[in-house]
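Feature annotations, reproduced from TrEMBL:
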- 631-649: compositional bias 'Polar residues' (COMPBIAS)
- 72-521: domain 'Cation/H+ exchanger transmembrane' (DOMAIN)
- 631-659: region 'Disordered' (REGION)
- 675-709: region 'Disordered' (REGION)
- 1-35: signal peptide (SIGNAL)
- 59-79: transmembrane segment (TRANSMEM)
- 91-108: transmembrane segment (TRANSMEM)
- 170-187: transmembrane segment (TRANSMEM)
- 199-221: transmembrane segment (TRANSMEM)
- 241-259: transmembrane segment (TRANSMEM)
- 312-335: transmembrane segment (TRANSMEM)
- 355-380: transmembrane segment (TRANSMEM)
- 401-422: transmembrane segment (TRANSMEM)
- 428-447: transmembrane segment (TRANSMEM)
- 493-514: transmembrane segment (TRANSMEM)
Amino acid sequence: MGTTPRHLVGVKPSRARLLLPFLSTLVLVASRGESQGVSPAMDNVATERMAEESHRQDSANLLIFIMLLTLTILTIWLFKHRRFRFLHETGLAMIYGLLVGVILRFGVHVPQSTSDLVLSCAVNASPATLLVNVSGRFYEYTLKGEVSRSKGHQVQDDEMLRKVTFDPEVFFNILLPPIIFHAGYSLKRRHFFRNIGSILAYAFFGTVISCFVIGLIMYGVVSFMKFVGQLGGDFFFTDCLFFGAIVSATDPVTVLAIFNELKVDVDLYALLFGESVLNDAVAIVLSSSIVAYQPAGDNSHSFEGMALLKSLGLFLGVFSGSFALGVATGVMTALVTKFTKLRDFPLLETALFFLMSWSTFLLAEACGFTGVVAVLFCGITQAHYTYNNLSPDSQDRTKQLFELLNFLAENFIFSYMGLTLFSFQSHVFNPLFIIGAFVAVFLGRAANIYPLSFLLNLGRKNKIGSKLQHVMMFAGLRGAMTFALSIRDTATYARQMMFSTTLLIVFFTVWICGGGTMPMLSFMSIPVGVDSDQEHSGSAVLDGSQRRNTKHESAWPFRIWYNFDHNYLKPLLTHSGPPLTATLPACCGPLARCLTSPQAYENEGQLFDDDSDFILNDASVSSMYADVTVSTDASGSRTVNRNRSSTASTGGGPSDEGLDHELALAEHEVAIRGTRLVLPMDDPLEPPTTVTLPPPPSPPRADPRRHRL
């Protein structure tokens, strides 16, 4: 048992009494210290030297990871310069981590220290802390792990490998928060919410289906291993379900990077990105619920309906509580940035935004919720509300800051994965379990994608084609979340075998599936180079019926939510949107004036980019503030059109055909305080193309819900 000494100034009597049996077995240490006559001064000098040497070794270990990231960045530049897309930076970081792990494991040997003592101690369990009395001075020794008898002479080498093995809490509290927050903060909400129903189906139902399919298959594999005598420890059905939950978390970072670079179909990108963002949250809550499954009685692994219902209630409670906590933190940050003058000090504003966002993860974990879910929805809330209150400098800083942290943390985790394959001391590689795991992951992904796509296509007008389904099936990579969940607990035989197998699954999916993305796109004839903005706006301008189809295709809960958000939440939490004095009833006038900032009155009549993103994809809700439209063609001539625009009130939105044309043109208009400047979309070298649209009909004068600004 490896231990580390720490000198204690004072020891509580109760704690010392608890460890008296261990102190009595280590009298030999005290006697040897007295016989050697080591003075306290010499002992302090030796301790200081050990601390200095440990500090140097820790610095060298961190330097190894810094050099790994530096080498990865330089190689990434070379790949991008040569347009080499068969290997993503995450796969490259894993390769470099593997090389360093091989060198540390087999190429570096540390001489054994002559001051180490091996003593026998007859106890039934391994205490986490030992207090040792050496010549009247108490020392505390902490447990580091078990050392096998076969390699007792390699204790120093194992100690060096432990130095490059981080505490699993480092991943959850330091490396995961910026990755998850960036996923929510950089979410393309227009395409995300247009496919919100399908994304939720894949993320929630698909993850649960995948978890149980993998769990059932692995239970059969484990039963067969036990039958043929290949199982070296306990492996229960709950362990199989836990393994199914952690490997159901997808992380197609390689595929999404290639999709973004090649401009693949936006719906395919939104489905994959949305599923990967949400199913990480579902997987971690699901795994926690499986661990919390505790039937009554002596057998804690038997099936019991009440325990199953408790686990289901825990899943719903933890997820909803984490969701509420993340949204509440985002709303609080939005209110602080709205009603204070922090925007006058961009550095303080950015620092507050960063700390509030990171503290969401820690607050959720401290309250017993899941920090991944909380920080994800905090990022979405911050992007939707708080971002509008930030100064231009802080908007750029926060985007770049979390993008940088996401890049460094993600590549650090993948390089650490490669190193862990050789630095981890308790690997359990079983060929039968590994083969069964690969088959189970493949079948679990297929059970997620194909049946749900068939059911979703029954209600979707924009069908998910078979080729897109094959690409989604192929793009189910595993990554940082799967690794972090598997390394968090490696105390038992079952968890150690899960961790070792999970590493191989991540390596295979990142290298083979990620590297085969380009051939897969070519084989499936997936169109690339799609400009989503021009595609959707152009089709809407040339075909008004498509715009009306978009209106009916949008989910009605989202239309109701957008109405409420645009008229009440946006004006309450930001400086944008119609003032609360125009949307709240007259009886709430004093409250509305108190909650409406002066800047909101100045911004009245402006149509912000994030608003237009939602409006263009939900035509039943409109927000047209302009009365005058100035159109310019390629030759520079101007045409002034006075439009009779309307704005949606609380009860609903207009649905006439003229409004559809207004919405179709809205994406190419810049709203500037009541005047829209329509920019030319054609090339100046080509003759201008004029699209003639019928004038919008005048709204009924008797309708009290319509008014002009």
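Cβ from N, Cα, C; glycine included.
Just so you know, TrEMBL annotations never went through curation; they're auto-generated.
Distant neighbours of the transmembrane segment (428-447): 209-211, 213-214, 217-218, 220-222, 224-225, 228, 230, 232, 243-244, 247-248, 473, 476, 478, 493, 496-497, 500-501, 504-505, 508; these residues of the same chain sit at least 6 beyond its ends, with a Cβ under 8 Å from one of its Cβ atoms. Counting Cβ pairs closer than 8 Å and at least 6 residues apart in sequence, the transmembrane segment (241-259) and the transmembrane segment (493-514) reach three or more and so form a contact. Put simply, of 170-187, 312-335, 355-380, the stretch with the most CB pairs closer than 8 A to the transmembrane segment (401-422) is 170-187. The list of residues near the transmembrane segment (170-187) in space but at least 6 beyond its ends in sequence, with Cβ under 8 angstroms from a Cβ of it, reads 273, 276-277, 280, 357-358, 361-362, 365, 371-372, 375-380, 382-383, 398-399, 402-403, 405-406, 409-410, 412-413, 480-481, 483-484, 487-488.
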